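Each remark here refers to the structure printed beneath this line.
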Amino acid sequence: METLVALMVGALVAAAVYLMLARNVLRFLFGLILISNAANLLIFASGGLTPDSPPLIDEGAIAPAAGAANALPQALVLTAIVIGFGLFAFALVLVYRAYQTMGTLNSDDMRLAEPEERS
Amino acid sequence: MTLLLPLPIVIAFATAILAFFFRNGSEGRWISVIGSALMLVTGCILLSEVMANGPQAAQMGNWPAPFGITLVADTLSAVMVVITGITALAVSVYATADVTRDMEQQGYHALFQVLIAGVTGAFLTGDLFNLYVWFEVMLISSFGLLVMGGKRVQMDAGIKYVTLNLISTILFLSGIGLLYGVTGTLNLADLHHAVKLADPGLVTVIATMFLVGFGIKSAVFPLFFWLPASYHTPSFAVSAVFAGLLTKVGVYAMIRMFTLVFTQDIAWTHGLLLWIACLTMVTGVLGAAAQTDFRRVLSFHIVSQIGYMILGLALLTPLALMGAVFYLVHHIIVKANLFLVAGVANRIAGGTEIDRIGGLYKGAPFLAFLFLIPAFSLAGFPPLSGFWAKYVLVKASMDLELWIVAATALAVGLMTIYSMTKIWGRAFWKPHPAGTVPTLSSLSLGTRMAMLLPISGLALLTVLIGLFPETFVQLATTAAEELLDPTAYLAAVLGEEPA
């Protein structure tokens, strides 16, 4: 199970890097969203994937039985997803505004904040 | 006692909420000033507590470490909180004159306070995932502040800043995931023990991921390109607080992680850091030499100065770490101040492109004097704070007989003087190309007070650190000792008895 998820993370990262190498800023942003989901999956897998053993504590016991799933990475992933969602909502609006004001999505043409080139 | 630790963060958040409700009137800006002052006071109380009783820890929600979220303040954290308070106070006073009505209505003061809360939280947390959350708090508010105003250059700068910082965040997050997978804990004090049981090779790989993630955040070579592309575009109050605090949070995180957790392969990690430090110093200062915009010159200098702090971490001797801590404090004060001066120059001379302005020395000698103090301090002139910071680091590298490193640090100092004299010669000495003489009296009395008061205060602080370095050296030495021997830190967090 872990191997499968690890391969999936690898595939996602590869696709994300491919997208992020594009000059189009929107493609870059899509790459960023993919790679952040790859990171989320990675955290999910890092706790170990143990099917059919919910992290429930038996009555009277103070710790879950051995071999129970680790619930912490899932809590971390939830936090990371929420934060990521906020950041990417902002980034998407920013790219849209940049397109409106600069009229381009090509990162090579985005040189407004750079000093003028002197020949 | 346990209330004292979250207090600076709570104050900043409460101020943010209040300032947001009063954003349509002029009350918002004064709420922001009062909030920053309160935060500074609590920071000082915290520092005195830490100085008297050693590192302090508080377990949030009464979950014992390593299960719950821990807030912990050792000397380094407490000093950083105080310096954050000082910067916040100076910038919020300056902002009362600098920030436009429009930006206030868009919630400038609230975002600014959230940024301060994020920075403070990052300094105080003792939990790795919590550190990530504070980084995000800081990041999202800095995004908002950077593009506020909506000028075209700001959109361009925003794209670069946002995208590259998001990459750093994702690397950091992946590093956390892997580290948890390997060690099964996220509490920094607990990690200190746990990484020793893990496969050192795996830990080194993870350490390198953290190195790159924090490297982007703290703008080291070759990952600094977002910084000079963006710091010269927002309003001056914003760029001052960015220049003072944001990259330094990255440096702080790096110092914390690479003294407390990742010490399993010092030859590789800290050897790499030494190269990074030297290259960062040199590229930063060379980049500055080629620029002609006031704020772009200063932005490249941030990069160059980050190199000095990383150098202190890379050498990892008590003296070098002490130098790094001293440099952090000195740099935050001086750099924020220089950006504030640039703001006044922009107001009275009508620009920051140093070829298109001039005559500031003739028309505003007081401002020229206030520029000279932080500029000389940055370059390392005795008796200002920068001299001691550089002196300690150069001495630390000479003690290890790293002659080339010491020579690089000295040469970079010399180059810093070159770009400072460039700004001095062109913006201050040369007559204004338009034939006018920029004077401070062109500003209203209120504006003048609000702008010059924080600048004078920060300049005075620079001089004080320079003239009476002993207290500060003492503090920095304690901080360095605690970093190298974290027994007291571990005891405070985990409740272990010191062996």
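A Cβ is built for glycine as well, from the same backbone N, Cα and C atoms used for every other residue.
A TrEMBL annotation is a machine prediction, not a hand-curated record.
Computed from a predicted structure; not experimentally measured.
What TrEMBL records for B:6-23 (among others) is transmembrane segment.
What TrEMBL lists as transmembrane segment is B:30-48 (among others).
According to TrEMBL, the transmembrane segment annotation covers B:68-95 (among others).
Feature annotation from TrEMBL assigns domain 'NADH:quinone oxidoreductase/Mrp antiporter transmembrane' to B:126-411.
Feature annotation from TrEMBL assigns transmembrane segment to B:131-149 (among others). Under 8 Å from some Cβ of the transmembrane segment (B:131-149) lie the Cβ atoms of residues 100, 102-103, 106-108, 111-112, 114-115, 117-119, 121-122, 125, 155, 157-158, 161-162, 165, 169, 172-173, 176, 217, 230, 233-235, 238, 241-242, 246, 249, 253, all in the same chain and six or more residues away from its ends.
Under the heading transmembrane segment, TrEMBL lists B:161-182 (among others).
Annotation comment: TrEMBL describes B:202-224 (among others) as transmembrane segment.
Feature annotation from TrEMBL assigns transmembrane segment to B:236-255 (among others).
Packing against the transmembrane segment (B:267-290) from elsewhere in the chain are residues 204, 207-208, 211, 215, 220-222, 224, 228, 258, 297-298, 300-308, 310-311, 313-316, 402, 404-405, 408-409, 412, 415-416, 418-419, 422: each is 6 or more residues past its ends and has a CB under 8 Å from a CB in it. Taken from TrEMBL, the feature transmembrane segment covers B:267-290 (among others).
The annotation transmembrane segment is assigned in TrEMBL to B:297-319 (among others).
Marked as transmembrane segment by TrEMBL: B:366-388 (among others).
Within the chain, the transmembrane segment (B:400-420) has long-range Cβ neighbours (under 8 A, six or more residues past its boundaries) at 274, 277-278, 281-282, 284-286, 288-289, 291, 297, 300-301, 304, 307-308, 311, 315, 317, 375-376, 378-380, 390, 393-394. The transmembrane segment annotation in TrEMBL covers B:400-420 (among others).
For the transmembrane segment (B:449-468), the list of distant contacts is 86, 89-91, 93-94, 96-98, 329-330, 333-334, 336-337, 340-341, 343-344, 347, 366-367, 370, 373-374, 377, 382-388, 440, 443: same-chain residues at least six beyond its ends, Cβ to Cβ under 8 Å. The transmembrane segment annotation in TrEMBL covers B:449-468 (among others).
Long-range contacts of the transmembrane segment (B:297-319) within the same chain, counting only residues at least 6 positions beyond its ends with a Cβ under 8 Å from a Cβ of the stretch, are 218-221, 224, 227-228, 231-232, 243, 247-248, 251, 254-255, 258-259, 266, 270-271, 273-274, 276-285, 287-288, 291, 325, 327-328, 331, 335, 338-339, 342, 354, 378, 389-390, 392-393, 395-397, 399-400, 402, 405, 409, 412, 416, 419, 422-423, 477, 480-481, 484.
Annotation: stretch B:236-255 has the most Cβ pairs under 8 Å to the transmembrane segment (B:202-224), among B:6-23, B:68-95, B:236-255, B:366-388. Counting residues 6+ beyond its ends, the transmembrane segment (B:366-388) has Cβ neighbours under 8 Å at 301, 305, 326, 330, 333-335, 337-338, 341, 344-345, 348, 360, 413, 416-417, 420, 423-424, 428, 440, 452, 455-456, 458-459, 462-463, 465-467, 469, 472-473 in the same chain. Residues 76, 80, 84, 87-88, 91, 94-95, 98-99, 112, 115, 119, 122-123, 131, 135, 138, 142, 145-146, 148, 210-211, 214-219, 227, 295, 298-299, 302, 306, 309-310, 313, 321, 324-325, 328, 331-333, 335-340, 342-343, 346, 483 of the same chain sit 6 or more residues outside the transmembrane segment (B:236-255) yet have a Cβ under 8 Å from a Cβ within it.
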